[in-house]
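What TrEMBL records for this protein:
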- 7-31: transmembrane segment (TRANSMEM)
- 43-62: transmembrane segment (TRANSMEM)
- 83-105: transmembrane segment (TRANSMEM)
- 117-142: transmembrane segment (TRANSMEM)
- 154-174: transmembrane segment (TRANSMEM)
- 186-207: transmembrane segment (TRANSMEM)
- 228-247: transmembrane segment (TRANSMEM)
- 267-290: transmembrane segment (TRANSMEM)
- 311-339: transmembrane segment (TRANSMEM)
- 345-365: transmembrane segment (TRANSMEM)
- 377-396: transmembrane segment (TRANSMEM)
- 402-421: transmembrane segment (TRANSMEM)
Amino acid sequence: MRPARRAMTLLSGAIAARGAAMFLSVLLTWVVTRLLTEGSDKLAVGAWSVIYTALFAVATVTRLGSENLAVKLAASEPARAKLLLRGTIGTLVLLMVPAFPAMIAVTITRESLASEILWLFMGVMLGFNVLALNVLVVCGAWLRGLGQVALGTLLELGVVPGLTVAALAVLWLARGSVTLTETLVVYSSATFMTCLVAAWVTLRAFSRVPTVAAEPNRPVRDYLREHGASLTAFMMTGLGFYLYAYMPILVFGAVNQDVAAAEFRSSYTLASFVNLVPTLQIAYLTPVFARLHHQGHLDELRDRVWTATRNATAIALVVAIPLLVFPHAILGAVFGAPFAEAGGMLRVLVVSLVAVVALGPTYALATTTGLERTTGVTMVAVLVVGLLLMVAALPISPLAVTIGGAAPAVLFALVSHQVLLRRRRVGTAIWDRPHQVAAS
């Protein structure tokens, strides 16, 4: 197969795998919301939302950017990546320790888990789940770096939601109901099983990589010394983007407003369709941006960025209009009548995501043009602002908290847009016509 055709095949597979994984994640949210809602009681759904969000936040922190090192080394120096297998897994095991108190603290405050023994059991189980999730993510990164992009993406993002949905469907068909405890056990079991499969597939993939002998430690230390700051910045930005979306759930969970957490999660799930096209675009545009910037082709880079922003904004508006006009009806139809009252949250989230899309692929461009550190600092700053806004809004209403929670993503996009415009002379927003930016 010719290199260009092979690259296109890999790209198509990556986009298809990413799309399938996103669909399965949304399907998991819908299934869990439907199964755990009892009449008008959304407490169990809220508890699931808080625990699920905390699990991924803790996992992101305890990985410390390992997946970025994994994919970089596997793609550029697979023999060295093979030498790092044992050390990477050992590091993840060590970093798992703080996950236990973190997850126990989350489970022990959930009213839907009825006993102290259950709180402790769930917290410990989810602490081990953090390790399984991190190993799974790093294995997915290794596979993507070795060229198995679609397989790595599906194992990392799609298989666990798919297995969980299938198992919950069997439980519901057999008994007619599913509890929060059963949902957590099923999800954790799916994660552990997928982790084992991913580890086996990864070891087989590395078995085909030639082994290099002797003294691996020094070059690895040199690599970490050279790229450590960049990897830490990637970890911070990864955590930041996750918190941009779901930090309000953690804030609601911290004050035991699990019903508000459930309403936010359902609203964000629908609102995220506004951001679907930009998310899929990143799969193939990020390497294009990196290549054009590295080669100094600024005019072509500006054209590609503006075209991507224009197309994404047009599609985002088509998706956003019905969500803005009929938010209550759509929420009620998708997640059930008890969630119809969260229409205000849905409107706020849709407006914020449309604004982010219209400001363009700021994160992808910033992290491929040497602005990782600036991106990391900006992300931390706007997250602090958003957290302060949400805490201040807690006494007012869940809608006010949602407004505060929507602010960081928009602020980050605005600041990054200005940084790219001034330091790289590339405009990302829908109003940044390429010829005007070039002439400025």
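Every residue, even glycine, has its Cβ placed from backbone N, Cα and C.
All TrEMBL annotations are machine predictions without curation.
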Where else in the chain does the transmembrane segment (377-396) make close Cβ contacts, counting only residues six or more beyond its ends and a cut-off under 8 Å?
236-237, 240-241, 243-244, 247-248, 251, 255, 403-405, 407-408, 411-412, 415-416, 419
Taking the transmembrane segment (345-365) as the first stretch and the transmembrane segment (154-174) as the second, find out whether 3 or more Cβ pairs fall under 8 Å, excluding pairs closer than 6 in sequence.
no
Among 7-31, 83-105, 267-290, which stretch has the most Cβ pairs under 8 Å to the transmembrane segment (154-174)?
7-31
